[in-house]
Amino acid sequence: MSSTPSSSADPKASPGDQHEMKDMSHAAPTLPVEEDLMQLARLGEIGAIQKLFDTGKYDATYRDEQGITPLHWAAINNHYALCHFLLNSGADVNARGGDAVATPVLWAAKRCNYYIVALLLSRGADPLLTDDQGFNLLHSATLDGNVFQLVLLLHQDLPIDIPDAQGHTALMWAAYKGFPAVVEVLVRWGANVYARDDQGFTALHWALVKGSVGCIQKLVEYGSDRFAENNDGKTPAITAQDMNTVRQWHKALSDSGYNPDATPKYFPLQNFVKDRRAFLNKFFFLWPFLMLICVLYILSHMVIYIAIPLALGASYMLQWAAQQLLRWAPGDMKTVHRTPFLSGVFAATLFWVGVRYITHVLPWTFKTSPFTNIFFMIFYSLTGYFYFLTMLSDPGYIPKSSSRAQQKAVIDELLEVRKFDEANFCVHCMVRRPLRSKHCKRCNRCVAKEDHHCPWVDNCVANNNHRHFVLYISCLELGILSLLRLVLSYLTVLPPPTETPECNVLDPELCSTLHKDPFTIILTIWASLQLIWVTMLLVVQLLQVARAQTTFEAMRHNHGHGPPDPLTSFITTGSTSAVGGQVDAAGAGPDGAPAHGRRGHHKASCLEQWKRMLGIDTFIATALHGSNAQAVLAQRRENPFTRGCITNCRDFWCDPAPMFKKRENGEAVLGGDRINWTRVYEPPPKMRARRGGGADEGGRYESVAAEEDEM
């Protein structure tokens, strides 16, 4: 690494950046394959190698002219059984060979064969041995950006800040390579953000050379020196100018709460506000109360051709004014959809409907429509109760490990059963992921039996509050219908105004009715518009309950592992963005590097999506295939948790957990049996019995794909 891109020490020109085992491009074998030990090691032929050892011509310690051993080739080609055999046969686990003079564990790390890496480490491989570039095992893992391999190595108690030959730490390499996920893991583990290489560069300097906003922001958030000078007196700001990454530098600073000159932004209320995040959460939740009343007042007290543009303008200006506060918000609250704003919109609507009902509708309609009033009050109260219960309850967070020793024990257990992967381990929470769980980026926690993150309640909807959420939208649906009936009765008994303004657009009779109480009518129209998304969401939720399926599982079946389209995302989660669906546009996994070469998936048409969500596909399959319909549907998408519609609904609605109180974390019912989704890692026996076939036939349940990232 160097201060200028043209320097010979720059990673772009350094062999270390593209550090490969040149021995892999070997010459054609001169011996028959059954007598070529190295070729057999590349192929993983244990039986043939055993025969060669029995002849006495070779043993496990054999080296070629470059010092390469069979263990090197077995390690880099991910032959786990062969590595185990060679080690038991006396292979030197720390033998150095090849042009890079590297050990077998370094070869395995270059291909991210972390099961092999774990095996070699358990058999005495020295992770601190370096190759000819001065890279040890931690450097090598960082260069390839695989977070799982890095997490494995960090739990081996390796010194995290050990430098390479030029003084570069693993954090510096991760920053230069542009791996935000790797940078985050390293800084959370305690990597020194102030460390300098031989030329005085910090990790922040190298992040600016690459220009990765994510890396720059993480380093700034974790306290990197924004004014550090290298040996040439260049600060990060000067480095950004030299590398043409000023835009990324300024964006990272802004998102982290700093001005373009890297000085902290002055928060006008900092003398009165101790917790800025809590203040902004309350502000964006309450701000829609003011916005809604202003817009309703304008629309109800002015002529229509002035009221509509004025209301739009007022709404825009109030929204713009609120967004100005986001410049002082934490990095994960820089956009409105990452605040409680949408939940505030619903709460404001609920509040003003209640106020208007008590002050205007109730006095005029209680005598004429007593039962409708009682129904409305019941559903209104239940809507508010279940709304706030869903919002404020723990959705089912997976408990975190209390120590790194516990984390290591979990990793060792997963390595033993070969399940240390994205589906079974979360590198953000450092916990084993139970079945049907998912990491929510908004909540920054893994959630048991995650359904979706709902922006209207500003919380995850998952195992603990899913039933409360369905009751909330059910009561909301019935409450809006009751409100419509009440308002119609209210307008019937309400006398017309003594002076009716001249109508320029509407029919005189309609205009007279509108002017009886324009505020109530417009508020009712606004509330009635919520029926659109509420009805669609309620239908989908009830169908998924009957199918014992979560929203994320339904979205995965429809679209593979790619991001959902806006229609499905809106219907199933109430948000049209990929963020609302908890997935990102790239579909990248937890590797530090961006995803490449992902296989494309056929995009279902709108009709196909509706058929799947409304159950029409089941009806058609039954009509076409009769008794074989379920087998046909099982080939298309297999749900290992269904017990039939009636049992699924009974499990959901007749769960012994309290209907009006919070439930124990993770507690649920499956097929009539008690289960805790925070601790379910393998399909229960009844599921295995239902699913014929072994693992090779797809019999193993695969949990929901990890945050490719949010809603």
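Cβ coordinates are placed from backbone N, Cα and C, and glycine is handled just like the others.
Please treat TrEMBL annotations as automatic predictions, because they have not gone through curation.
Listed in TrEMBL:
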- 1-25: region 'Disordered' (REGION)
- 66-98: repeat 'ANK' (REPEAT)
- 166-198: repeat 'ANK' (REPEAT)
- 199-231: repeat 'ANK' (REPEAT)
- 279-298: transmembrane segment (TRANSMEM)
- 341-359: transmembrane segment (TRANSMEM)
- 371-392: transmembrane segment (TRANSMEM)
- 420-557: domain 'Palmitoyltransferase DHHC' (DOMAIN)
- 469-491: transmembrane segment (TRANSMEM)
- 519-540: transmembrane segment (TRANSMEM)
- 684-711: region 'Disordered' (REGION)
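Taken through DSSP, the repeat 'ANK' (199-231) splits into 17 helix, 0 strand, 16 coil. For the transmembrane segment (341-359), the list of distant contacts is 284-289, 291-293, 296, 322, 376, 380, 383-384, 387, 391, 455-458, 483, 486, 519-520, 523, 526-527, 530: same-chain residues at least six beyond its ends, Cβ to Cβ under 8 Å. Here the transmembrane segment (469-491) has Cβ contacts under 8 Å with residues 353, 357, 360-361, 364-365, 368-369, 372-373, 375-376, 379-380, 382-383, 386-387, 389-390, 451, 454, 457, 461, 513, 516-517, 520-521, 524, 527-528, 530-531, 534-535, 537-538, 541-542, 545, 659 of the same chain, all six or more residues outside its ends. Within its own chain, the repeat 'ANK' (66-98) is flanked in space by residues 21-24, 37-38, 40-46, 49-50, 53, 59-60, 104-105, 107-108, 110-111, 113, 115-116, 119-120, 123-126, 129, which lie at least six positions past its ends and keep a Cβ under 8 Å from the stretch. Note on the repeat 'ANK' (166-198): residues 1, 9, 11, 134, 138-139, 141-143, 145, 147, 150-151, 154, 160, 204, 206-207, 209-212, 214-215, 217-219, 222-225, 228, 230, 427, 590-593 of its chain, located 6 or more positions outside it, place their CB under 8 angstroms from a CB of the stretch.
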